[in-house]
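> According to Swiss-Prot, the record shows the following:
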BINDING   H570, H574, C672, H676  Zn(2+) binding site
COMPBIAS  855-864  compositional bias 'Low complexity'
REGION    844-864  region 'Disordered'
Amino acid sequence: MQTANEIRRTFLDFFEKNGHTVVNSSPLVPRNDPTLMFTNAGMVQFKNVFTGIEKRDYVRAASSQKCVRAGGKHNDLDNVGYTARHHTFFEMLGNFSFGDYFKDLAIEHAWNLITKDFGIDKSRLLVTVYHDDDQAADAWKKIAGLPESRIIRIPTSDNFWAMGDTGPCGPCSEIFYDHGEHIFGGPPGSPDQDGDRFIEIWNLVFMQFEQVDKETRIPLPKPSIDTGMGLERLAALLQGKHDNYDVDLLRALIEASAEASNTDPDGPHKVSHRVVADHLRSSSFLIADGVLPSNEGRGYVLRRIMRRAMRHAHLMGCTEPLLHKLVPALTRQMGEAYPELVRANALITETLKLEETRFKVTLDKGLKLLDDEITRIGSGQKLAGEVAFKLYDTYGFPLDLTQDALKAKGIGVDTDGFASAMERQRAEARKAWAGSGDTATETVWFELREKLGASEFLGYDAEQAEGKIVALVENGKVVEAVHPGHQVAVIANQTPFYGESGGQMGDTGVITLGTPGTGGKATIAVTDTQKKLGDLIVHFGTVEGGPVAVGEDAHFAVESTRRDATRGHHSATHLLHAALRDILGDHVTQKGSQVGPDRLRFDFAHTKALSAEETRAVEAEVNRRIRLNAEVATKVMTPDDAIKAGAMALFGEKYGEEVRVVSMGDLSTELCGGTHANRTGDIGGFKIVAESAVASGVRRIEAVTGPAFLAWAQAQEDLLAKAADTLKAAPADLPARIAGLMDDRRKLERELAEVRKQLATGGGQGAATKTVNGITYAGKVLSGVPAKDLKGMADEIKKQIGSGIIALVSDADGKASIVVCVTEDLTSKHSAVDLVRIGSEALGGKGGGGRPDMAQAGGPDASAAQAAVDRIEQALGG
C-alpha cells in the first residue's frame, strides 16, 4: 500500500520527469491577493502568471499545495467530521502549463499517471467534458480509448471554470472513479449524482478564452492548463478506503487523539476524533504561516476552527488541553514534506495550549447555559438568537460552534436574531473582515516595471554612485521632465538608495544632475525611497535649481549618517531575535519590524508580557553579542539551501529564487535583504525603551542603539536633573524624597476630603436645607470637589436629614458633575434619574443615569452649577 507521502512524491516525480518544474507550496495567506482569505487551490500562487502580469523562467509547473477552506465563499467547516470528504485543510496536487501544452498532452499526462504509475483500474474510470468541447471528448477517445458512453457531456457551469466575471476561463474535464454498484449514487449529470458511488478525483481546466464582459468571450493567444486533484481523495482510492479519514495521514492523527483521550477511535466519539484530526492540521499550518488567533479576519477564522476542535475534545471527556499533545504526531506525518511545521513546532504547541487553556475557563459555563436553554426549547423551535449571541459575546462561542453543538439534537439557531443582536453591538464590536494583503498598486508602476525591468541596487557596497534617470512620475503620471519646486518620483537604472522594504525605512539624500565636477544644473532632495512591485526602486523628492529630464546622468548620494544609524538598528533586530529565542524559547518568531535611524520596533510571537528580569536579561544578552564584535557577512543562495544552513526565515513569507543570508558569526543567521553594520561592535550600545502588547499572542519591543541610545540616555539625564532641581534633592535621594511627598499627599487628601464633607454637611451644624412643597431640599454647589466624592457626601447629608432630596453640583476642572439623592420614602413620587436629567440639561449635558434613589450626570458648562440646583428646586415646586 502506498502511503500518502509516497503518493505525493510519485505525483511530483512524474511531472518532473515530464519537463515540469516542481514548485513548493505557497503560504496559506495569499500574497498580493486581497480577494482571498486563504489559499484554497493550487493555481492561486500562479494567478498572475496565468493573467500575464508575472513572468517566470518556466512554462510547466507541478505542486502539492496546502489549502484551507473555512470562512468566506469556500467554507467546509460545518460539515467536517460528519462526512467522508469534507475538510478545512487538504492538499491539492496539480500540474500547470502557461501557454505551453494544451488539452491533448494534459489528458495524456493524467491518463498515464493514474492508470500506469498509480495502477488504477481503467474500467472503473469515466470522465466529464463541457457539452460542446468536442476537442476534449475526441482526445479522451484517442488517448484513453474511452467509449462515448464513458464520456459524459455536462452543459452546466460545473464543467466551465472562470477566474471571475472577467479574465481567463475555459471548459474543464473531470475524472471520476466508480466505487461499484454496492454504493448508492449515479454518474455525474444524473439525478443521483450526489451519492458516493462516483467520486471525482481530478479536474483538468482548459483555459482557452478570455471573458471580456458578460456578452464577449474571445480566444486566448496562449491557452493554458490548470489541474487539481485532492491528495486525500486519491490516497483513499489507492489505499482501498471509501472515507478520506481512513487514509494513513488522518488515521494516524485520529489514533493519536484516541490514545491521548483514552477513548475508542471508532466508538461513540468517532465524529469528535475526526474533527480534532482535521482541525489540528488546519490550525497548525495556519499558525506556521503566521496566523495567530484573534477576534478579526483570518485570526478569528483560526480561533473558530480551534474552538470547534476544543469543544469536541471536551465531548470526549478531556479535562486538560488536548490539541497541543497531538502536534508531534502531525509533525511525524507531514514534517518532511512541509518543513515549516518543524520550524514552527514550538510556536504551534504553545499557541494551541494557551488558546485551549483560556477557552476552557468559559467553555463549561457556556455549555451549561446552552443545556439550560435546550430544556426550554419546544418541539420545532430554534435557539433564540439573543442566547446564541450571549454565548458568542460572553463565553467566546462562535456561532458555528453553537450550531455544531445543537446539530446532534436536531435543533437550529435563529440566525436572524443572532445577526440583529450583533448589529446592535456593532459600535463596540471590532471591524468585520475587510480583506487583507497589499493595496492594489497603481497601474503606472506595473507599466514602468514591465518596460524598464528591475532597478539595480548598489547600496550594499556604496552610499554614492552614478546612474541615469530612466523615468519620472509627477502626480501619478509618467512625464519626460519636471520643473523646479515640483515633487517628483524618480527611477534610475541603478542606485545606492535603499527602498523601504522588510521593515527597513527607505534612504534619504540628494540626486545631483550631471556628473561630479561638471557643475550640476539641478538637484533632487530625496525625502523617501520605496520599492514598488518588489524590485522597482522609486526615489521621492523635490526638484531644486533647474529642470530634470529623463535620460540625464546623475550622481546619487545617500545621507550617510542616517543610513549608518538605520544599519545599526537593523543589525540589532537580528541579535534581539536570537536573544529572545535563547531566553524565552524557540516559540518566539518575528511577526513584524520597523527599523529607522531613531529607533527599532520588533514584534514577536509570545503569549505574555516580559518580566523586568526577562527584559534585563534580553538587553544584557544583546549587548554581550554586540561586544563580541562579530563580523556581519552576507551570502546569496536559494531559500532551501539557506534554511538547511540554519538561517531563520519568516513563516509565511514569500521568497524569490535567491535570497541574502545575513550571518553575525555564530550569533545570528537570518534571511534578510536590508543593510547592516559591518561588525556587531559598530552597533554600539542597545537599550530597550518599551515593551507592550500588539495583539493576542504578539508582543512588541522598542529599542535604541548607537547615537540614538546616546540621545536617549542624555534625555533621561536631563529629566533626572530637572526632577532633582525641582525637588531640591540630589538625584540619588529622589526615590526617598518622592516616597515622602506621596505620603504627605495622601495625608493631605484625606484631610481635604474630610473638610469638604464637613462643608457639604454644614460643618457639624447640619446641612443647610429648605422646605420645598413639603419636602426637605438640600441643594449645594461645591467648588473643586472631585465628581467621585459627590455620592459619599450625598449619603452623609441623607443620614442627617432623614427624609428629603439632595442635589450636589461640583465644578471641578472646568466641567460640572451632579448627583441627586432621593430618600426611599419619596421615590414613589420623585425619581433621582428624572431630577438629575433636569440638572444635567442646565449644565449643557444630555441626561444621566442611575437608580430612583441615586443618580449621577454631568455637563460641560460649569458656570451653570447654581442654575442646575435651582432648576431641580423649581421642579419640586419651589
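Cβ atoms here come from the backbone N, Cα and C positions, even for glycine.
Describe the structural context of these features.
H570 (Zn(2+) binding site) has a Cβ environment of 26 other Cβ atoms inside 10 Å.
Each residue of the compositional bias 'Low complexity' (855-864) gets a DSSP state, and the totals for helix, strand and coil are 3 helix, 5 strand, 2 coil.
Residues of the same chain lying 6 or more positions beyond the ends of the region 'Disordered' (844-864) and with a Cβ under 8 Å from any Cβ of it are 787, 790-791, 794, 811, 814-824, 827, 831-833, 835-837.
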> Tell me whether H574 (Zn(2+) binding site) sits in a helix, a strand or coil according to DSSP.
helix
> How many other Cβ atoms sit within 10 Å of the Cβ of C672 (Zn(2+) binding site)?
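Excluding its own Cβ, C672 (Zn(2+) binding site) sees 25 Cβ atoms within 10 Å.
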> Non-local Cβ contacts of H574 (Zn(2+) binding site) (under 8 Å, 6 or more apart, same chain)?
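Within the chain, H574 (Zn(2+) binding site) has Cβ neighbours under 8 Å at V662, M664, S668, E670, C672, H676.
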> Measure the Cβ-based neighbour count of H676 (Zn(2+) binding site), defined as the other Cβ atoms within 10 Å of its Cβ.
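For H676 (Zn(2+) binding site), the count of other Cβ atoms within 10 Å is 25.
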